[in-house]
Amino acid sequence: MKKLSARRRHPLAAVVVLLLALAATGGLYTAFAPADKAQADTSAQSLAIDEGKKLYAVGCASCHGTGGEGTTDGPSLVGVGAAAVDFQVGTGRMPAQQPGAQIPAKKVIYSQAEIDQLAAFVAALGAGPSVPTEEQYSPEGADIAEGGELFRTNCAQCHNFTGKGGALTNGKYAPTLEDVDPKHIYEAMQTGPQNMPSFPDTTLTEKNKQDIIAYLDVVNSDDSASPGGLELGGLGPVSEGLFGWIFGLGGLIAVAVWVAARTAKAKKS
Amino acid sequence: MSTTTSTTDPRRKAPAGERVADWADGRLGIYSLAKTNMRKIFPDHWSFMLGEICLYSFLIIILTGVYLTLFFHPSMNEVEYHGSYIPLQGQLMSEAFASTLDISFDVRGGLLIRQIHHWAAIVFLAGMFVHMMRVFFTGAFRKPREINWMFGFLLFVLGMFTGFTGYSLPDDLLSGTGVRFTQGAILATPIVGTYISMFLFGGEFPGTDFVARFYSIHILLLPGIMLGLVVGHLILVWYHKHTQFAGPGKTNKNVVGMPLLPVYTAKAGGFFFLVFGFIAMVAGIASINPIWVLGPYRPDQVSTGAQPDWYMGFAEGLIRAMPGWEINLWGHTLVLGVFIPLVLFGLFLGVIALYPFIESWVTGDKREHHILDRPRNAPTRTAFGVAWVTSYMIMLIGGGNDIVATHFHLSINSVTWFVRIGFFVGPVIAFVVTKRICLGLQRRDRDKVLHGRESGIIKRLPHGEFIEVHEPLSQEALHTLTAHDQYQPAEIGPAVDENGVERKVNGTQKLRAKLSNAYFGEDNQIPKPTAEEYKEITSGHGHH
C-alpha cells in the first residue's frame, strides 16, 4: 500500500485512475446490459400501419406531432391521404432538412416499401386521396394537344410553358417538371403539395391529368425534341437575350477585332 | 489592214468595260463621283466596325423578312391546326399562328430563316446599343455629328418597336401576353389611353385586327422609316468623314487610314459575309422563340417567365419594380403603377438622346471635333454614361426578376427590392467610382508622360539608394497621351461691371457655371502635363 500511496501524486496517476474508471464502467455495462436478442418478428402479420407508425415516430413526429395532429413546425396530416405521403416522401421532399419558404426535392431516403407503410399509417389518420394506380396516371393513349391546352390554362402561370419552373413570392417557387415521375405529377395535382393548389378529380378529371402528363412527356423530358437547336433552358427571352449578347454580338465583335487587326499590306511598305 | 501602231487610234474599239463606263458616265456622271469618293479614307479600329455589324444585320433582317412574308398570313381568323407538329394537332388558333407553325415545320428552310431573322434582330439591337455607347464614350457625338447621333438614337428606338411588332406577329401565348402588357400601358395613359387602345385594336382587346395592323407597321411603316434613317446616317458619316483616335499625324483636319477602294470595299464586303455567316451559324445552333411550345394566344392563359425580347426588358423592369400605386378620383382611375414607368421609359431614353446638346451647352464649345476622346479624358461624361448604363442594366435585372430569383435561389421580393433601391443608388455609386477611376487613369497618364514608363528594373546607386529605372516614352506615345484639349470651367464673371453696377446673372448662367465646374473644375480633371513641365523634369534636375 505504501508503494501506491507514494505514487499517488505521480503526473500519470490521474490518467491511470481515469482508465480504470472507464474500464470498470465499460465492464459493468457489458456485464449487465440486456443481451441484444435477435428480434424474431413474432407478429408476422403486423400491419403496415404499425410499421408506418414506428417510421413516423422517428422521421416525422418531431414536426407533424406524435399523432399527426400537426405542430407549429408542420401541418396536420389528418386527411391528406396516402397520395400526399407517396409524393412528399417519394420525391425526397420529406422528411424536411430544415424549415424554409419551401421544402426542396432531394435524395429519397426511404424504400418504396417503407413509403407505403408510412402512407398506410397517414391514410389511417383520416380519409384522403389514395396512391394512384398505373392505369390512372399512364400517358398511354392520352390526348397530347388537349393536355397542352390544359397545361397552359392551369399550370403554365407558375410552371412555365413547358414546365421549366418559375418563381413565386418570397422565395417560394414552382419547380421544374422535367423528368418527374408520372405518378408524382398525378399525385401533386391530386394533393396540391406545399404551395401548389390541388386539382381534385372534380376540377381536373383523371383523363385531364393523363393528358397533362402525356403533354409533359412530349415537351419536357430528356428525350423531347427541340427542332430549333439548343433550347437555352426553355426560359424564353431572358436566356435568349443573354445568349444573343454573349455569343451573338460577342462573337461578332471578336470577328470585328480579327478583321481590324488584319490591315492592308500597303501600310508596311 | 491598218498600218499604224498607235494605241490611240480612234478607229480602234475601246474594251467593253470602258465603253459601258463611258456610257454610264455620260448619263450619271460616275467618273467625277468615283474620283472624289473611291479614295475616301476610313480609319482602322475594331470599334468603328460596330456600326457595320448593325448595318449588315439590318440587311440580313430585311432579306430574311422578305422570305418570311411569302408564307406568313397576317390574319386572326380562327383555324384548326392539322400540320406536322403533333402536340398542337386539332387545336384552335389564329391563322397567323398556324402559318408561323407551317413556316417552322412545313416550309423548306423556314425555321432556319425564322431563326436567322430573329437572332439578327437580337444582334441588331444589341449592336446598336454598343455602337451608341462607343460613340457616347468617345465623344463622337460632338459637333458636327449631333444630328447623326439623333438619327442613330431614332434607329435604336424604332428598332425596339419594330422588334416588338415583329415578335407579336405569330400571335403566340408569350407575345400575346406582351401585347396585353402594352395595351395595359396604353390604357394607363390619362384621358387618351382608352381611345388609343380602342383605335389600335379596333375595339376591345384583343379583337381580330391587331396582327394585320402590326404586320403593316412591322414590314412597311417602321422599316421604311428606318431604311431612310440608315441612308441618312450613312450619308452624314460620309459627309462628316469618320472620326479617329488621337495619334501622331492625325489632326482635326485629316483622316488617316485606308482608302475605300480597294481596301475597305474588300474589308467591308467581306465583313458582311462574316456577319451573315456568323448569325446563320448562331441560328443553326440555338433555338429562338419556339412558338410551338408556347402555344397559341388566348387571353385566359398566361405563363410565368413572360418577358419581352431583351431590348424591351428595361421597360418590363420598370413596371415590375414599380409599386402598384393608383389614384381613384371622381370615378376615374389613374394607374400610377403603370403610368409612372411609362413616363420614365420616355425620360430615361430621352436623357441619353439629348445629352450631346446638354454637353455642348455646358462647354459652350462651337468648334468641330473629329478627334475622339479617350473616355478617361472626359471623366464626367464617362461617369454619366456608366451611370446611365448601370440603371439600364439594373432594370434589365428587374425585367427578369423571376428568372434571377429561381436561378440564384433568391426570393423574387428581394430581387425586386434590390432593383428598386439599385435604380436610384446604383447610378450614383457608378458615377462616383467611374469618375475616380478616370481621374486615376489621368494621373497615371500624367506620370507616364513626365516620368516615363516603369521598367521594373531596380538599380542601386553608389551611395546605396535604390531606384527604379523609368523609361521615357516615345514621341508618338507622348503625343497620343497629351493631344486632348482640356476645358477651363466657365466663370459667371465679376458680380459688378466696370461701372460698379451690379450685373444681372440669371439662373441659367449660374447653372451653367455650376455644371461647367462639375465637369472641368479643379478636382474634376487632372491638368495634363505642359511642355514646360516636361522640359523641366527631363532636363536632368531632380530627375529620377
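Even glycines carry a Cβ here, placed using N, Cα and C.
Database features, via TrEMBL:
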DOMAIN    B:20-246  domain 'Cytochrome b/b6 N-terminal region profile'
TRANSMEM  B:48-72  transmembrane segment
TRANSMEM  B:116-137  transmembrane segment
TRANSMEM  B:149-169  transmembrane segment
TRANSMEM  B:181-202  transmembrane segment
TRANSMEM  B:214-239  transmembrane segment
TRANSMEM  B:268-288  transmembrane segment
TRANSMEM  B:329-358  transmembrane segment
TRANSMEM  B:417-438  transmembrane segment
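Proximity of distant same-chain residues to the transmembrane segment (B:268-288), defined by a Cβ-Cβ separation under 8 Å and at least 6 residues beyond the stretch ends, is recorded for 49, 52-53, 56-57, 59-60, 112, 115-116, 118-120, 122-123. Among the recorded stretches B:48-72, B:116-137, B:181-202, B:214-239, the one sharing the largest number of Cβ pairs closer than 8 Å with the transmembrane segment (B:149-169) is B:214-239. Most Cβ pairs within less than 8 Å of the transmembrane segment (B:116-137), among stretches B:181-202, B:214-239, B:329-358, B:417-438, belong to B:329-358. Listed as Cβ neighbours of the transmembrane segment (B:329-358) (distance under 8 Å, sequence separation of 6 or more from its ends, same chain) are residues 132, 136, 141-142, 146, 149-150, 153, 157, 184-185, 187-190, 314-315, 318-319, 321-323, 384, 388, 391-392. Outside the transmembrane segment (B:48-72) by six or more residues, the chain places 42, 96, 99-100, 102-103, 107, 110, 113-114, 116-117, 120-121, 123-124, 127-128, 130-131, 134, 155, 169, 215, 219, 223, 226-227, 230, 234, 237, 242, 268, 271-272, 275-276, 279 with a CB less than 8 A from a CB of the stretch. Mean pLDDT for the domain 'Cytochrome b/b6 N-terminal region profile' (B:20-246) in the predicted structure: 94.
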